[in-house]
Protein chains: 2
Amino acid sequence: MTSIYLTEPGTKVSYHNQQLQIKQKSRQVITRLAEIDLLVLFPGVQLTDVAIAVLMDQGIETIFLRRDGQFRGRLQGQFATNPLTRIAQYRVLDSTFGTALAQRLILGKVTNQRAILQRRHRDTGKKNNALAEAIDLIGAYRLSLRSGLGNSSRDQLMGIEGICAKHYYQVFQFCLPEGWSFTGRNRRPPKDPVNALLSWGYGVLLARVFSAIVQAGLDPYLGFFHATQPYRPNLALDLMEEFRPVVVDQAIVRLLRSGILDPLDFEPSYDGLGIWLGITAKKLFLTELESILQTSFLYSPQSRRLKLQQIILEQARCLGRCCLESSLDYEPFTLS
Amino acid sequence: MTSIYLTEPGTKVSYHNQQLQIKQKSRQVITRLAEIDLLVLFPGVQLTDVAIAVLMDQGIETIFLRRDGQFRGRLQGQFATNPLTRIAQYRVLDSTFGTALAQRLILGKVTNQRAILQRRHRDTGKKNNALAEAIDLIGAYRLSLRSGLGNSSRDQLMGIEGICAKHYYQVFQFCLPEGWSFTGRNRRPPKDPVNALLSWGYGVLLARVFSAIVQAGLDPYLGFFHATQPYRPNLALDLMEEFRPVVVDQAIVRLLRSGILDPLDFEPSYDGLGIWLGITAKKLFLTELESILQTSFLYSPQSRRLKLQQIILEQARCLGRCCLESSLDYEPFTLS
């Protein structure tokens, strides 16, 4: 199955004979509809009315992103799933069981944040004291999360998540090559290239996680950790936690270390207050993100290797099953 | 606020300067975005990418229908509603409270079916025994529904709804002028023009009710009467019950009695097994449907006159409030 990202303004997508025809300035690509599982569209991409109809009828997840990578919306055809999953989800929402699920999701996140730092620490001969300290601190919170599984309140979880994120982003600069300054997370708008990459990448990841959640029959707006704040796809933000370091942060580290991306590939945002990815930066970053999503990892609940994009879907399905069966049988996906 | 239905293949919708430009073969219409609350698109209508983006960003409900009037899908932007409404809806689902709500919805439907027959009965000097009998029979079921409010099981409700529908459609022919035969309901595909109008009209109404339910923050797929059958927008089907006779059946009676529609305005379906509305029939019928939806009625819960399309939204909101407040304060909208 193929995920197709269309970033280039002026791209036209039409349908003919069970195939999507994708016309760009320089080239034309034809893909069989049966091979596509996700279509992600950036501004300036035109779908014909027939293409829209076919995408909805065939249940191919079609997502519209903004220029800054944020989720704008999607085509909603008929739900092809069992609504009992959503009923179960709602039953769990205000329960200690829901908070216990949230605890596993946050455990996954901090475990993966720590793993990213550990890798760097090993690669650099364990000489960086700041890295060592952050790894230890996050490790302590991780242990407390693991040992007290199901015992924390949501406020406590919020606190732990926030503290670990602070420690993590404080030393994230040491994972990056020289020439890319990063002194902590900022956004809306991001004020430097690394923050721009983080914001844009999390937007793209959110779209995929949102799509996986809908495919699993869950309501993306009602979460366990992010709870039920209006105007936010809370469950998508929940499930995304464990995948943020694995997909986005890793892609940024790899891309910047490869030396291919240049600070000139970024540009000031329209309002001049922030930094945006230029078209080349978007393409290079999407390629890196997609390469990670296509990488196979051991998926221990099923004792087999799966592509990361499939693992995201399986984790969404697992959340659905946990709700349906009132079972806490959710293992976050972690980098070993 | 305006609802725009675009039926003509070849129509192009673009955005410029806070306005939608709608280009058709013969003419061009420009409408301010701020005046549009609903856009309903039939096959062959092309939206530009900018129009799609703006419709999602502004939260303008955009619905795609099939050639046969059935719901195909919609643009889903961010939810702009309180998710607590959906949580409350789920809590109610498997309760006697949910069935009591279903009972009110069915009470609304049979009351309005009976009102349609009564009007005709009065207009024709009360000489038709079949009409009189159907009115009495439906009236008896209506009374039992009203007196036993909250006491029926869902199966009993299904039974009453089915029997009333049978009696109603058996005499519906007497509401129609001569030259239009109708001996009962058939569909998938409809086999005569009146059944084609009913199917198509219910499809269009469903789209509007679906949109109202989403605007009210409810999950259209989980119902009280139609319960939680997969692959069906059950709550939309629920709320639609009381509006079917008022909107669709009334529009058909008016349209056919006006003498404007001709049997030649219908055509065989592609597969030759059924009857479809031609383009003229669609336009005439939509005009009639829209005229009813724009008519003001007394909305007794608020003691004021509202357009019927606004009443549909208010009834959806009322369902949401009933769920949130565990109150059975839902009065079906009925023709007096």
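Every residue, even glycine, has its Cβ placed from backbone N, Cα and C.
Lifted from TrEMBL, the feature list:
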type: BINDING; residues: B:E161, B:H226, B:E241; note: Mn(2+) binding site
So B:E161 (Mn(2+) binding site), by the Cβ count within 10 Å over all chains shown, scores 19
Those same-chain residues, other than B:E161, B:H226, B:E241, found with Cβ within 8 Å of the centroid of the Mn(2+)-site Cβ atoms are B:A102, B:L105, B:I106, B:K109, B:L157, B:M158, B:F225, B:L237, B:D238
Cβ density check for B:E241 (Mn(2+) binding site), other Cβ within 10 Å (all protein chains) comes to 23
Row B:H226 (Mn(2+) binding site), column other C-beta within 10 angstroms, all chains, value 21
B:E161 (Mn(2+) binding site) falls, by DSSP collapsed to helix, strand or coil, into helix
